[in-house]
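Features reported for this protein in TrEMBL:
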{"type": "REPEAT", "residues": "128-188", "note": "repeat 'Cys-rich GLG1'"}
{"type": "REPEAT", "residues": "257-316", "note": "repeat 'Cys-rich GLG1'"}
{"type": "REPEAT", "residues": "381-448", "note": "repeat 'Cys-rich GLG1'"}
{"type": "REPEAT", "residues": "453-512", "note": "repeat 'Cys-rich GLG1'"}
{"type": "REPEAT", "residues": "580-639", "note": "repeat 'Cys-rich GLG1'"}
{"type": "REPEAT", "residues": "647-701", "note": "repeat 'Cys-rich GLG1'"}
{"type": "REPEAT", "residues": "705-763", "note": "repeat 'Cys-rich GLG1'"}
{"type": "REPEAT", "residues": "830-893", "note": "repeat 'Cys-rich GLG1'"}
{"type": "TRANSMEM", "residues": "997-1016", "note": "transmembrane segment"}
Amino acid sequence: NQLLWNYKLNLTTDPKFESVAMEICKSTITECNEVERGRGYLVSCLVDHRVNISEYQCNQYITKMTSIIFSDYRLICGFMDKCKEDINSLRCGSINIGHKDIHSQGEVIACLEKALVREVEQQDRAHPIKEECQKAILRVAELSSDDFHLDRHLYFSCRDDRERFCQNIQAGEGKVYKCLFNHKFEEAMSEKCRDALTTRQKLISQDYRVSYSLAKACKLDLRKQRCSLDTSLPRAREARLSYLLLCLEASVHRGHPVSGECQGEMLDYRRMLMEDFSLSPEIVLHCRTEIEAQCSGLHRKGRTLHCLMRIGRGDRSNAMDSVCQNALQTLIQSADPGGDYRIDRALNEACESVIQTACKHIRNGDPMILSCLMEHLYTEKMVEDCEHRLLELQYFISRDWKLDPILYKKCQADAARLCHTHGWNETNEVMPPGAVFSCLYRHAYRTEEQGRRLSRDCKVEVQRILHQRALDVKLDPELQKRCMTDLGKWCSEKTDAGQELECLQDHLEDLVSGCKDVVGNLTELESEVSKAKPKDIQIDALLIRACEPVIQAHCHDVADNQIDTGDLMECLVQNKHQKEMNDKCAVGVTHFQLIQMKDFRFSYKFKMACKEDVLRLCPNIKKKVDVVICLSTTVRNDTLQEAREQRVSLKCRKQLRVEELEMSEDIRLEPELYEPCKSDISRLCPNVAFGNAQMIECLKEQKKQLSQRCHQRIFRLQEVEMSDPELDYQLMRVCKQMIKRFCTEADARNVLQCLKQNKNSELMDPKCKQMITKRQITQNTDYRLNPVLRKACRADIPKFCQSILNKASEDGELEGQVIACLKLKYADQRLSSDCEDQIRVILQESALDYRLDRQLQMHCSEEISRLCAEEAAAQEQTGQVEECLKVNLLKIRQEACKKEVLNMLKESKADIFVDPVLHTACALDLKHHCAAITPGRGRQMSCLMEALQDKRVRLQPECKKRLQDRIDMWSYAAKVAPAEGFSDLAVQVMTSPSKNYILFMIALSVCVLFLVGLLCGRITKRCPALDPVTPSMNPKISLWTSPNSAIAPAV
């Protein structure tokens, strides 16, 4: 053995050997001409440049020499001199000749290699390896990278495994190494071979040249992209595998050409780094505690890394050390799994079924696969294991914009222009997490006036990322950092998809300032994005996913729109109650509406339309509801004052109308109404849904039982709705089709008036008719709820009904008292013409439906139940209840009710239209005998009475009978309720159907009295001459008599 070893040693240093080598390889090797002769350096040089050798003889010669040299570390030129002390201090074996078997000498190099790896991982600080020995160890590993036979330790450790897994792989060019690496985690792989392979992989991570195939494939690309290493250093930073990968990946992302062969090799080694955490010394060094405590036993197939990722994205109570977090981020930057999901073997295996079903239309290995998986997160196609692996990886990708290759490609120029990234090194690890993306989305929605906007392609990608981040707050680095305390305080129980962000939005006003700003900005952006297309999708992915049926049925045109205007959310709000709307979508849309109320900036369209008006007219107001009130009050005041120019711009007024309509749909969108009525809601409407204005409608129906504050708010709401019916959500919803049919040309503020006029049309929808009746009942409770009446009678009300106004409270209903007062004055014919017209309409309406007469309904409810139950139960009210009360007037027990019925009779004398039963019975007679008579002031009624008394006129039997009944009723009414004064008497006479007859009789009586007076005067004129007593003598007689007294002659 000793002689053989000396022969080998002499052979490597023999000048003759060197001469032969130079002779055989002279035509292809020029790089080794300057190498020092006689010291064995030539062989190393030839092996180093073997890639460039094309001659067969030279190749064969080098192969034979390397097999001799690498059989013993002592034969490798210079190695023994440089590492002698380290071999002894590390006890890696004897350097004495013949001490060990020749074939075991490879164990010495293996010992040194393991020691080098431990030192890098700082596991062995007691025996640091000298720098020149470190260089020699890596040089040996590099020289043996071509043929695995040259790595004696690995060769003997993996002989059986090579036959098992790589039998057909030809040795050379590092092919056997790669084959064994690919099978490293197979169950059949021996532990001894696996350890040897891991050691070699760790050396590759220290110096990429230890991988023959990677160094060869990427040699030219490294030079082109200026990633070459500094040969003056033993292990320069540029030699690290991570640096090579980062540098070349950055070139690929920037669009610079990198050969396909090099990219293939990079893919293999990126996958290798993701599979085995131990190949990254920083992970082993800085994450040892986390691995031992929580990730032990998960070494294979990337499970340890994903375990660390899970800890990294965990909550504060289980926080990862920042140094470990940075090491993990650096590793993921190097491996760049965002570029190809197959790099992450754990993710690939977990998500294979999802990719085959949901993402099969995307080319295998395309970066869009990850986006596709994120799109299907929390859907039926997603499996739990894939969901976990995906979120663990996305957490780290979201912290470096370069890890999303599509975003990086589309936004690289924008980032350099707007965020000044051109000054940052592409491999800089100190860049603030999420800093570049935060800068990009701040510029995403700038207007043209603001300038410095993103390009369209970049904006689309920013929207895609925002959409993904909305699924989990941990995917937004800035949000997670600033809101960690608030998440624990307010949202610890909100663990489902998207719930954490919703929870933060719900508690926006309670958040600390930093968190409040971030959530506010994100919510503002959320309101600005309104797309449903894969390339341009809005932030709230869960909402859009839930609302897909509604979007397809009612909002597809808006969803396909190419401009971000917030139309999609507006469309969803408008179609909240369509049959395609499901509970999840409805809840999501309502949540979005509620969040918008916290700040007007959260409503994109409103913000864009009214920003200038808000700054000018409503400064320092942030809450949307307050802004809406401020602007709507300004519009109303300008309208009432008939201002020459509206202070609120036209575009803002239009959007303001949309916002007001949306707020009317759900009481929760109007905090000033919702807060005072909370207790009433739980007490009176516990099972009523909030949406569709159902809760507001319930409170209106229970108005009498409401608390004072709530009652006041509801009354004010009704006052606003009656003056602007468009804000009456239930009316507009129920009567939508009828408005289109009857009121297309009517002004928006006159919609209710138009519907009332067409209420009895045969084409009127029954549900709409019922809703109109409800609104009429409401209007007749208080004149203030009838803006048309209020305007027409603004002079008459204080003139005739001031006593009622003096007793009324500001926010309490007058229970129809003012309207009842005006009705009586109508019967007395004392109202102004405009007011008279409106009261006539009210009388005609209430004559058909007793419920529209608030005073009658209040005072006669018991009598109606007792005497007219059947009539009151009729589905269609045509005045039958009023007729029943009139017929049963003598049976009415309550004086207040009897008085109301008598008032009805009095009112009917003033206008036949007020008496629908009589009007129906006498319709033909009115047409034949009274067609020329103008309606009103009892004229047509007088015409019929005269016709009744005229024996020449033949009335219809039914009309004649009804008229006779009315005469009897009026006669009874006169007896029961005689005139209380001269004015009442005069009014009764003037309103009597027999007015002319009565006036004639009164005139005749006056004439008779006048004539009698004249006659009596003539008789008494002679009496004083016969009277002997003067008036002064009898003062008593003078006190009780007069010159014309009939008693004088007797005296």
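Backbone N, Cα and C atoms are what each Cβ position is placed from, and that goes for glycine too.
Remark: the repeat 'Cys-rich GLG1' (647-701) makes no contact with the repeat 'Cys-rich GLG1' (830-893), by the rule of 3 or more CB pairs under 8 A. For the repeat 'Cys-rich GLG1' (453-512), the partner stretch with the most Cβ pairs below 8 Å, chosen from 257-316, 580-639, 705-763, 830-893, is 580-639.
Applying DSSP to the repeat 'Cys-rich GLG1' (705-763) sorts its residues as follows: 43 helix, 0 strand, 16 coil. Mapped onto DSSP helix, strand and coil, the repeat 'Cys-rich GLG1' (453-512) counts 42 helix, 0 strand, 18 coil.
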